[in-house]
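Report on one structure; see the data block that follows.
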Amino acid sequence: MPALVLLGAQWGDEGKGKATDLLGGSVDYVVRYQGGNNAGHTVVVGDQKYALHLLPSGILSPGCTPVIGNGVVVDPSVLLSELSGLNERGVDTSKLLISGNAHIITPYNVTVDKVTERFLGKRKIGTTGRGIGPTYADKINRVGIRVQDLYDESILTQKVEAALDGKNQLLTKLYNRRAIAVDQVVEELLGYAEKLAPYVTDTVLVLNQALEQDKVVLFEGGQGTLLDIDHGTYPFVTSSNPTAGGACTGSGVGPTKISRVIGILKAYTTRVGSGPFPTELFDEDGEALRRIGGERGVTTGRDRRCGWFDAVIARYATRVNGLTDFFLTKLDVLTGWEQIPVCVAYEIDGRRVEELPYSQTDFHHAKPIYESLPGWSEDITKAKSFSDLPKNAQAYVKALEEMSGAPISAIGVGPGRDETIEVNSFL
Ligand code: GDP
Ligand code: IMO
Ligand code: MG
């Protein structure tokens, strides 16, 4: 049986948590492969609402094994509090597996994230301040701390020393902060070792053996395509690879095992943090999308920037991820507009451009070229099949599909599990 990837096709917050939870009941494993607790995935089950940051959304499906892969960065204190929060609400988390090769977000990584942003001033990225970038930087610089290091005090101490050597110079001499003591960090990290021990394993072996036994593995992306360190709007990106290739490197499952790549696509566009956003709205339409769509970050509580749907970005997501399907979310939010503009191309320095420009300068200058599609006013939240949708809503979905380059196989008409129209089956 196949492995599937589910990822964000825009700038994050597309509704990956809901989509993952929906499939969670039919798959054996749900795997996070990158990012960390910068993610905020909301899942609504009946009258219960869950905000997951580090745990895969499959944790809410009893038959499913949630896995934190080697590509994820783990803040142990956040993980433990997320686990106990779910336990208090009666969710069984005992099946969780964590890769021993996943890197740990240490307290000094969080400090460095915050001081670096402050130092950047108006050039700041607008990070979530969770230590994500500095932790991946340590990984690439080969001074990272991995989950397995918690089980060898001597190695852990040596590694923390190596990591703090340079950082303390920076903190004290450049950023005017106090030096961080090695002993204190080691003591804090050792304090997590026993609590995490039951979950830590060789997840690469587990996942590959599961696939050999015809189990279904679903990879749940954090963030989104345009936040990808390689393929996103660099430098206004996160420090990992949310795109489909990241599912392989972040889990140790080869690309030949992946049979389907599903892009989660919001029926309009949002972005949190700094960086270019051609269809961003600064008027009352933007305000209405934010209000009706509840566009406020689950992780940092920041208002999300809102704009119309951008087909150039959707096409780009199809290309760089090799998308086989889209899951269109939040169509219900667009109910009530008489006309809905959709960006079909950009104008850059007087030229019409159909594809995402590779040049950062061009993208910063891109102005949206809109086509207006007729809206609908009927409530669509109870629609169960495509034919239940008003004709104009059907036409909107079909137009987006045509422009975006992959079939729309599911449509979200509300936050709940059952507020979904299945067009083609994913499994
Ligand atoms: P994620 O980070 O991609 O998992 O997305 P978030 O959870 O950060 O943001 C998506 C928000 O939209 C959440 O509050 C979801 O409950 C909600 N949501 C997801 N799908 C739909 C939908 O089809 N309609 C509506 N109205 N809300 C949705
Ligand atoms: P989910 O999984 C939206 C953004 C931040 C910032 C940039 C870098 O819920 O879709 P970081 O802390 O990662 O170094 O910040 O990336 N960002 C997200 N935006 N949704 C997310 O996650 C995000 N995770 C990071 O706002 O602009
Ligand atoms: Mg989110």
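Just so you know, glycine gets a Cβ as well, placed from its N, Cα and C.
Summarising the annotation, TrEMBL assigns GTP binding site to 12-18, 40-42, R304, 330-332, 412-414. According to TrEMBL, the IMP binding site annotation covers D13, E14, G15, K16, N38, A39, G40, H41, T128, R142, Q223, T238, R302. The Mg(2+) binding site annotation in TrEMBL covers D13, G40. Taken from TrEMBL, the feature active site, proton acceptor covers D13. Look at TrEMBL and you will find H41 tagged as active site, proton donor. What TrEMBL lists as active site is K139. As annotated by TrEMBL, substrate binding site applies to V298, T299, T300, G301, R302, D303, R304.
Secondary structure at H41 (active site, proton donor), as computed by DSSP, is strand.
Look at D303 (substrate binding site): DSSP puts it in a strand.
Checking the binding-site residues D13, G40, T299, G301, R302 against ligand 3, the ones whose Cβ sits under 6 Å from it are D13, G40.
The binding-site residues near G40 (IMP binding site), taking a 10 angstroms Cα-Cα threshold over the set K18, T299, R304, are T299. Counting Cβ atoms from all protein chains shown, V413 (GTP binding site) has 26 others lying within 10 Å of its own Cβ. Distance noted between the C-alpha atoms of G301 (substrate binding site) and K18 (GTP binding site) is 19 Å. Checked against V413 (GTP binding site), the recorded positions K139, V298, T300, R302 differ in C-alpha distance, with V298 being the nearest. Just so you know, the Cβ of D303 (substrate binding site) picks up 12 other Cβ atoms within 10 Å once every protein chain is counted. For G15 (GTP binding site), the same-chain residues that are 6 or more apart in sequence and have a Cβ closer than 8 Å to its Cβ are I264, K266, F327, T329, K330, G412.
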